[in-house]
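Engineer: Structure in structure tokens, see below.
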Amino acid sequence: MRPAASAQPHLQPASTRLSRLAGLVFAGLCAAAAAATLAQAGLNTGFDPWDAAAVALIALTTAWLAWGAAQAFIGVPPLGPLPKVDLPDGPFPATVILVPICNENPVEVCARVAAMRQSMRDAGVPADFAILSDTSDPLALKAEQTALSSLFSEREGPNRVYYRARTDHHGRKAGNVEDFIRTSGGAYIYAVMLDADSLMEGATIHHLVARMEADPGIGLLQTLPRIVGATTLFGRAMQFSASFHSAVFARGLARMQGPAGPFWGHNAITRVRAVAQCCALPELSGPPPFGGTILSHDYVEAALLVRGGWRVEMDPRIGGSFEEGPENLLAFARRDRRWCQGNLQHIRLLGAPGLRGWSRFVFVQGILSYLVSVAWGAFLIVSLLATATAGAPNYFPDAYQLFPVFPDDKTTQIVALACGVGGLLLLPKIAILLESIATNRSAAFGGRRRSALSVLSETLLTALIAPLMLMYQTRAVAEVVSGRDGGWPATARGEGRLSLADGWRAGRWIVLIGLATSAFVFFAAPDLVLWLLPVTVPMILAPLLIATTSWSGGGWLFAVPEDTALSPVIAGYRRRLDIDRPAEGVAHGAIARSA
């Protein structure tokens, strides 16, 4: 039986309802303003089907931008101090740290587990580890077991390490965890979910367990992991953005989500009983990409927990939670391809019985996060075609007209629209920068001036690669809609520097589209050439951008707190990795041969 309190429907706090309403109203007003502005521009010269399509597309895309901006604005005010909770006297609640792995570098996995185990001992957290392997190749599996064998020497006492290699890889990562919960979950009250690249301080795990013990209605508590370990320009910029901006966006998200919060699949603690009761995932009927294993399982698991009466909360104030991120645009795009397919699968789950309205809305957000890229591309195409097919102006539309009628200029409306869209992109970052200065949070990022330069540089870099990301996401949506299954490719952690040849192979199709678009605009709508330069120039330079952003750089500019105040668990991981480094080449080579 689940706790009585959790069996009742959630009563949304007034602040949660107000935050959601504010975000929806702001997004609606911005969308209406953008649509009205563009419609007025069309009415000046005669409203036609091209104008109608453009108005619909700009309303959708502006609403999406405004929703994200609202999340940032709502997150600017601080949440208050982190609750101080402690465990009651008695044995530590049975807790397991789950580390699912599949074709990972086992030396790095071993170093992370060893660092977390030491941190947990220092914090007095006697939790076990369960390394759940889905590695299938015999050579890689042997290298994995050899590298991890040093962790198994201590059979007794706290922080024991268990290892299990599945022979049936049904359900991928979610199925791997589900198998453990079904066969061994009864021995534990709580399970901390990690990814292979996750790190978490022992004190953080202690706090998570204490929070769960203090509130029996929570089924899952999500932390906000900080990205660490980046060395390339792309990785450092992403790491800075995740650390500097995401803290504020996450506060807004926490206020909006309330007790129906997100689960990102890792760096979270779950109540084992709640997961066992609610989170068995079905196979979707039909073949992939819309059928088969649910790829974006974390959103679905959160929705199922909420449906079961459990609260799912996210607290961005919890520190000591870390992960790594992709080091170049291609690694990001590969991961994004899987996320795209997983999110579009959620179309089939929108009508699932018993889900809360907000859970369905979260599914819609995930779906739109990829469809909006298609909408932006469609808006550009419609705008180009409308201009290219527009006839010559008729200065004498009426018979026997003495004076000519000159068509109204659309420049005022178009400039206003561009400023509005730019404002939705820039104002949240400006607000976050001002918040960091007012609270002195900027000191951890190198000070006010350095933080401001980093925000400016990250914004410019994002603007440069945005057309490339639009192209990759549009291609991903097209592949999924056409029935192409992207599967779940192995994560290439540590993959960094790319050559210009790599950039050309990966981006030449974007170059061709950029050149074709530029040529079409030059001959069919020359007035738009300058307007489209921010889109076409990065497309033409795609190989150069893909390659150069993967090179080392951004260390001084994109400073993060971990550069100067290294977390003990990260320091422990790096020390252990230095000790085990000679074995890394052997293990990594075995995995490379198996790929």
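The backbone N, Cα and C atoms fix where each Cβ goes, glycine too.
If you look up TrEMBL, you'll see 21-41, 53-74, 367-392, 412-434, 455-472, 509-533, 540-559 marked as transmembrane segment. According to TrEMBL, the feature domain 'Glycosyltransferase 2-like' maps to 192-385.
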Engineer: Please report, as numbers and ranges, the same-chain residues at least 6 past the borders of the transmembrane segment (53-74) whose CB is under 8 Å from any CB of it.
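Structural biologist: The answer is 19, 22-24, 26-35, 38-39, 42, 245, 248-249, 251-253, 255-256, 365, 368, 372, 375-376, 378-379, 382-383, 386, 417, 420-421, 424-425, 427-429, 431-432.
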Engineer: Counting a contact as 3 or more Cβ pairs under 8 Å, with residues at least 6 apart in sequence, do the transmembrane segment (412-434) and the transmembrane segment (21-41) touch?
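Structural biologist: When sequence-distant Cβ pairs are counted, the transmembrane segment (21-41) touches the transmembrane segment (412-434), since at least 3 lie under 8 Å.
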Engineer: Can you tell me which parts of the same chain pack against the transmembrane segment (540-559), counting only residues 6+ beyond its ends and a CB-CB cutoff under 8 A?
Structural biologist: 231-234, 236-237, 239-240, 327-330, 445-446, 450, 453-454, 457-458, 461, 464-465, 468, 471, 496-500, 502-504, 506-508, 510-511, 514-515, 518
Engineer: Who are the long-range neighbours of the transmembrane segment (509-533) in its own chain, taking Cβ under 8 Å and residues 6 or more past its ends?
Structural biologist: 380, 383-384, 387-388, 414, 467-468, 471, 539-540, 542-543
